[in-house]
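**Student:** Straight from TrEMBL, here's the annotation block:
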- 1-49: region 'Disordered' (REGION)
- 13-27: compositional bias 'Polar residues' (COMPBIAS)
- 35-49: compositional bias 'Basic residues' (COMPBIAS)
- 58-80: transmembrane segment (TRANSMEM)
- 87-132: region 'Disordered' (REGION)
- 87-98: compositional bias 'Polar residues' (COMPBIAS)
- 99-109: compositional bias 'Basic residues' (COMPBIAS)
- 123-132: compositional bias 'Basic and acidic residues' (COMPBIAS)
- 277-310: repeat 'TPR' (REPEAT)
C-alpha cells in the first residue's frame, strides 16, 4: 500500500523517526523505547537491575515486532472490508431485506466483474448499481453539499469575480469576432479563418439564443469553408498527397492506447479530411439548434463519409436520431462511440442510450445490463480519480471529472426511475446535480428578483396606450416555464402545412436589444415616426422568420411554394417578454403552456425535457426562485393585459391531444390537419410519462413544496 504524503511532501527517515519517538512517549513509553517503571523504588529493584538491563533489548524487540504484526493484520482487515464493499453489490432477497455479502453467491459482478453470464431470468435490475450507492459511500453527497454551502458563505466575492469574468469573456468574444471579420475581409480565401469565424458565430448563437443575428452568416461561412477545403482536397489528390494524414505526430501517450482523433490536434495541423469533416459537423450543429434535424443528420453523415473516425459527428448524429425517434439507428452509433471512446469524452452517450431503452427496450443489444455494467466501472474509476486527485490536479481536470460523474449518475438515475425505484433514483439524481453545481458560482437570487420587479414596474397598463403595434398575425409565440412542453408544442405545430417553426432559439428574443434601442430613439421623434419604426421592426422579425423557413426547406422549394401563413417562435424564456411581444405584435397569438408545479420542477431538475434548461435548475433554491419569478410575471401579464394570453394545460394536451390542438388551430384561424395529431402521437410518449413526477418523488420534495408555498398549485382560468 502506497505511503500517504502530507502537504509538505514525502516523509524522510528523520521525520518518521521523530514521529515514532513522539508516539511512544505519548503512549507511556520512555524515549529510549523501553518499558517505563513506575512506583517507589525498593530493595528488589536494585537486585533485579542487572537482569532487566540484560533483557531490555530483547523486550523492546519483541514489543516492536508485536506492534507491527498487529498493525499489518488491522490494515489487511480494513483493506479487505473496503474491497468487498466496493466490488460486491448489495442485493435484496424476495422479502425485501438486504442479503449480506457473506450469504450471497460469490459470482463476478460489478466493478471489474464479468457480467456476461448474467441472464434476464436471474437478473435483479433494481439493485444493479447499489454497490455504488449511499450504503457504500454515505458521505459523498454530504461532502458535496458542504462544499457548496461553504462556497455560498463566501460566495459574494466569487459571484462578483464570476460576473466580471463572464463580462470579459463576452467582450473578448465580440472582439475576436471583429478581428476575425477583419482577417476574413483581407484573406477571403483562407478556409481556417472562415471556419474560425463561422464557428465562433455558431457558439454565440447557442450561448445567447440570438440566432436572428448570426444564424444566416454562420451558415454562409460554413458553406464557403467547405468549398475552400474541398478545393484543397482536390489539389492534394491531383498531386498524389495523402488527405487523411495530419501534419504533426500524435502524442506518444495517445499512441500507446491506440487513440487517433484529430480533435486533439491544433486546427491548422489537421488533415484535409478531418477539416472537411469538422466543418460538416459544425454546420450540422447549426442546423440542429434550428430544429432542422433532417438537414443536421445529412451533414453529420457527410462528415463521417469523409472521416469515419469523427466520434463527435457520430455522437451528435445519434442524439439527433433519438429526437426524431430513429432509436435503432441512434443506438448503433452510440455503441460505436463508446467502443472507440478511449478517453471517455462521450459519457453522455449513456444518458442517450437510457433514453432509447426507455422508449424501445429492444433497440440496444444487451439492454440495461450492458450499459449498467459499463457505467458501474466508470463510476468507480472517476470517483476514485476525483478522491485521489484532491489538491494535486488543476481546476480544469477536476471539473472534467465532475462533468463525467454528473452524466454517469444521471444515466443511473434514469435507470432507477425507469424501474420505479425512487429511492435509488433520487440519490443518483442528487449526486448528479451536486456534481454539476459544485463548480458553479452561487445562485444570484437578488439579481433574478430585481429583473422581475423591474419588469413589473415598467409594464403598467398605460405602457401600450399609444397602440403603435403592427397588425400582423403571422407569428405565433409559445411561452412557459422550462419543461412545460414549449418545445414539444412547437414541434407539433410545425407539422401543419401552414405553419413553420423557427427553431430552438427565438428570433424575436434575439432581435429584442435592437427593438428596444430603436423604439426608445423613435419615441422622442413623435407618434408617426414611432409607429413607422415599430412597423419596420415587425416586418424585419417576420422577414427573418421567412428566411429561416427558406433555409429549412431549401432554396428550390422556397421558390416553387409560397411561404407558410404562420411562424412559431417557441422558447420558454419569452414569458418575460410578453409585454414587448404585445407592443410590437398586438394581434399575434400568444400561447402559454403550463403544468403541475411539482411535476414541472422535478422534471426541470433532471435537465432532460427538450427545453433549454438553466444550470441552476439543478438547485432547488435556484429552481424555486426562477419558478416564482415566472409565476409573478404570468400573473402580472394577466393583470395588465387581461385575456391577451391563451392558456393551455400540459396535462390536457397529453391526455386529449386532438381536442386541445383543434382549439389552438381555431385561435390561429387555421383548418384542422390530421398530420398535427399524428406528429403529437409520435412525439408525446416521453412527455406523457412525466405526468405525476412530483407525486412519485413527493417524499424527497417536501422542502421544495414548503418553499413554493401557495404556488404549489397552478389553477389558471381559461
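Using the three backbone atoms N, Cα and C, a Cβ is placed for every residue, glycine included.
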**Student:** How about long-range neighbours of the repeat 'TPR' (277-310): same chain, 6 or more residues beyond its ends, C-beta under 8 Å?
**Tutor:** 195, 198-199, 202, 205-206, 211, 215, 218-219, 222-223, 225-226, 229, 244, 260-263, 270-271, 316-317, 320-321, 323-324, 340, 490-491, 494, 501-505, 548, 551-552
**Student:** Could you give me the DSSP helix, strand and coil counts for the repeat 'TPR' (277-310)?
**Tutor:** 27 helix, 0 strand, 7 coil
**Student:** How does the model score the repeat 'TPR' (277-310) in terms of mean pLDDT?
**Tutor:** 92
